[in-house]
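Everything on this sheet refers to the single structure shown next.
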């Protein structure tokens, strides 16, 4: 009986000793592997070069600041630049190779061939319906027209800011705007917008909810309409939905990879919605030349200074989805 107990104890002790030996052996092996691995890394580290990925901090500035006409050493090897211009520019220039000429001139400012894209649009109204800004930097040229001044302001407000939009079902619901950043944006071939403010009993204030003819008309046959009403008040809307789409939008902040270049006009467009604040002139500038060749030459000269007032963004603007922050 005692022999069996002694044997059991002895077996247990031997097992503990063997386990301890095995663990120590494994520890030595792991230490050897780890130290050898670290040694190899230390030896190879000076021979390796890794890509450093950093945060692209926004660069802001005012286009009213006087800029120096200069060629800078900074080369935008990984950036793309889009120039949006009215078709009348190409018609006036009347040169099949004018884009190649400008590409060579942009090369002297550090923009490689193939990094600058030229996109035309028919007029402000058609561009308003489907503005698609996909480049790292986007310069939109608008020729000033006194009869289209308000349309130009609305388009500038749309493309110079980021908007988060949601669908509106005006047949079922009343809507109200919560603050100054909340707007209703309508797009289409013809947008006529009428509103009827409601009191707490959902009765029309100065209008009849059952008669759209009594509604206040805030936009008539527009292709782009940004509607601003009294905040905190419910409204019933009437929209030409067969030719227009309306969305409830929130202005998130500036879209800093877009700049507007106004061609001609006595004053720079002011897109400030709140009349109590200073005019918003950032990323907006004016070029006063009669000929489009001179306009493009000026843009080439100052392109790097203009870009410095912008910030490269990965998000694009695609109005087809009507979701402006993509």
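The backbone N, Cα and C atoms fix where each Cβ goes, and this holds for glycine too.
When the candidates 110, 206 are compared with the Ca(2+) 1 site entry in Swiss-Prot, which names 95, 214, 216, the shared residue is 206. Across the structure, residue 191 (disulfide bond) and residue 216 (Ca(2+) 1 binding site) are spaced 14 Å apart at their Cα atoms. Across the fold, the C-alpha of residue 228 (Ca(2+) 2 binding site) and the C-alpha of residue 135 (disulfide bond) stand 30 Å from each other. When the recorded positions 95, 207, 214 are ranked by how far their Cα is from the Cα of residue 301 (Ca(2+) 2 binding site), 95 comes first. Neighbours of residue 207 (disulfide bond) among the recorded positions 135, 177, 214, 229, 244, defined as a Cα within 10 Å of its Cα, are 214. Looking at residue 231 (Ca(2+) 2 binding site) and residue 249 (disulfide bond), their Cα atoms lie 14 Å from each other.
Of the recorded residues, residue 95 (Ca(2+) 1 binding site) and residue 196 (disulfide bond) place their C-alpha atoms 53 Å from one another.
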